[in-house]
Each structure stands twice: as structure tokens, then as C-alpha cells.
Amino acid sequence: MSLLKLKAVPDPDSNPNDNAKKTQTIDLGNGSEVVYVPRFVAYDDGWEFFNYLDKHIPWTRPTLRVFGRSCLQPRDTCYVATAGLPDLIYSGYQPHAYSWDDFPPLKDILDAVHKMLPGTRFNSLLLNRYKGSNDYAGWHADDEKLYGSTPEIASVSFGCEREFFLKKKSRKSSQVLERSDEGPPSKRLKKSNNVDQHCFRLKHGSLLVMRGYTQRDWLHSVPKRAKAETTRINLTFRHVL
Ligand SMILES: O=C(O)CCC(=O)C(=O)O
Ligand SMILES: [Fe+2]
């Protein structure tokens, strides 16, 4: 694949301020914030990235241990990280950390993310591939200790549009209940009257940023959607301390 000259404001039909104009910043309260940039990567560049990643990433679908039971993660995954960082382990699974050099286009996307978000220096990336309507991400927070207490997470999406939900953690919700949709039904979070929910339709080429206390105070998910038949690839850039 030819390396793309990715710009932070790349939409060919728009004037240079367009991207900024469409950017939504949502104050979730108590020091949590979400930013959504619908056209972060231009449409055609986005499809080049999609095709490259779909074909060249060594996707795996690991078996996780959730509440003492084994279950297949309901999406494909891969992990990329700068050498020398502490290992990522979640739900009893320790992904192999590939190098950025293994997949040069990821460095172009990382550069564009850094330009869009001054002051960030992401050093790890979790890739997810949702192969159809049955693939999903259950309610969880990315609050592993290795990301610190107020991690900034930058999420870039390609391919099939999917809904991304955020809901405020209930006071009873604890770390043990995370990834709740991936455990047995009896252990899932009980529905609450909590009206603090937000939904974003994550467009092809979009960027969503979670920052502040979003991982401490909120859960997020990408639910199954019968109509979402085609593949979606999502990249979440994170900083391991
Ligand atoms: O696919 C997405 O948009 C979110 C993925 C996610 O939450 C995660 O990998 O932790
Ligand atoms: Fe997440």
C-alpha cells in the first residue's frame, strides 16, 4: 500500500474550518469529557486504511476468563505497543504486543491523532474488528491501572457505522461488573433508572476522544446491531504509564 499523506483536516469537499465546526465536545460533568470529530480521516483514505488493516493485521479472537468462565471475545483483536512497556492483561488474556514498525500505516494514523490532540503521546493501540452484526463490545470501562487515573483514549473508526453508548456507572457498579455483557446473564449489570446516557454513531473515518474521569465514572459499549452487517475496524490509542 502506498503510504498516505494523512492530514488532520482532510475532507476534500470542505473548507479548512469545516472539521473544527463539526467537532462536538460533550461535557459529561464532574471532570469527564468526550470529543467527537466525525470527519477525522477523509473518506477514501479511510477505506485505504480499512483494507490495509483488514488484510494485514494478525487478528485473533481470544478466549477470555470472565467470572470464572471461558468465553470467546465477541470481536477480533490485536495489540500494538512501544517496546518496554508493562504488559497489558485483561480478562485473563495477555495479548502479544506487536511493534509499530510491523504496520507502518498505523504510524500515519498515530501522527494525525497527535496533531489533532496536542499534548498527547500515545504509546499503545488496541485494534478491534467487528465482523458483522453479532460482534460487539459489552459495557466496560478502560480503567486498567497501567493507564493511570485520568486516561485520554482516542478512538478511530473505519467501515461499518456502529453505535457507541456511554452510560454513567451506577454507584453499585464496581470493577468486578465490567465487561458485563461478556459474562453470564446472572452477573450482568442490573438496569437502573440512570438517564445519563449518550449515543454516538461512529462514522467511517471518525475520531472519538474520552478524557478526564470518563473511565472512572462511565461505562461504554458497542452493542450488537442486526443491520450492521459489514465489517467495522476500530483503533483505540492509549498511553501506558
Ligand atoms: O469499538 C469501539 O468503538 C470501542 C472499543 C473499546 O471500547 C475498547 O477496545 O476498549
Ligand atoms: Fe473501551
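Placement of Cβ uses the backbone N, Cα and C atoms for every residue, glycine included.
As annotated by TrEMBL, substrate binding site applies to PHE67, GLY68, ARG69, ASP143. According to TrEMBL, the 2-oxoglutarate binding site annotation covers ASN128, TYR130, HIS140, HIS220, ARG232, THR236, ARG238. Annotation comment: TrEMBL describes 121-241 as domain 'Fe2OG dioxygenase'. The region 'Disordered' annotation in TrEMBL covers 175-194.
Of the recorded residues, PHE67 (substrate binding site) and TYR130 (2-oxoglutarate binding site) place their C-alpha atoms 23 Å from one another. Taking only the Cα positions, the spacing between ARG69 (substrate binding site) and ARG232 (2-oxoglutarate binding site) is 27 angstrom. A straight line from the CA of GLY68 (substrate binding site) to the CA of HIS220 (2-oxoglutarate binding site) spans 23 Å. Comment: 2-oxoglutarate site residues ASN128, TYR130, HIS140, HIS220, ARG232, THR236, ARG238; largest CA to CA distance 20 Å, whole number. All chains included, 25 other C-beta atoms sit within 10 angstroms of the C-beta of TYR130 (2-oxoglutarate binding site). Across the fold, the C-alpha of ASN128 (2-oxoglutarate binding site) and the C-alpha of ASP143 (substrate binding site) stand 18 Å from each other. Maximum intra-site Cα distance, substrate binding residues PHE67, GLY68, ARG69, ASP143: 22 Å.
Summary: among the binding-site residues (HIS140, HIS220), the fewest other C-beta atoms within 10 A of the C-beta are counted at HIS140. Here the domain 'Fe2OG dioxygenase' (121-241) is broken down by DSSP into helix, strand and coil counts: 16 helix, 50 strand, 55 coil. Confidence annotation: the domain 'Fe2OG dioxygenase' (121-241) carries a mean pLDDT of 87 in the model.
Closeness to ligand 1 is met by ASN128, THR236, these being the binding-site residues among GLY68, ASN128, ARG232, THR236 whose Cβ falls under 6 Å from the molecule.
Long-range Cβ contacts of ARG232 (2-oxoglutarate binding site) within its own chain (separation 6+, distance under 8 Å): ARG129, TYR130, SER157, PHE158, GLY159, CYS160, GLU161, ARG162.
Other C-beta atoms found within 10 angstroms of the C-beta of ARG69 (substrate binding site) number 11, with every protein chain shown included. Among the binding-site residues ASN128, THR236, the residue whose Cβ has the fewest other Cβ atoms within 10 Å is THR236.
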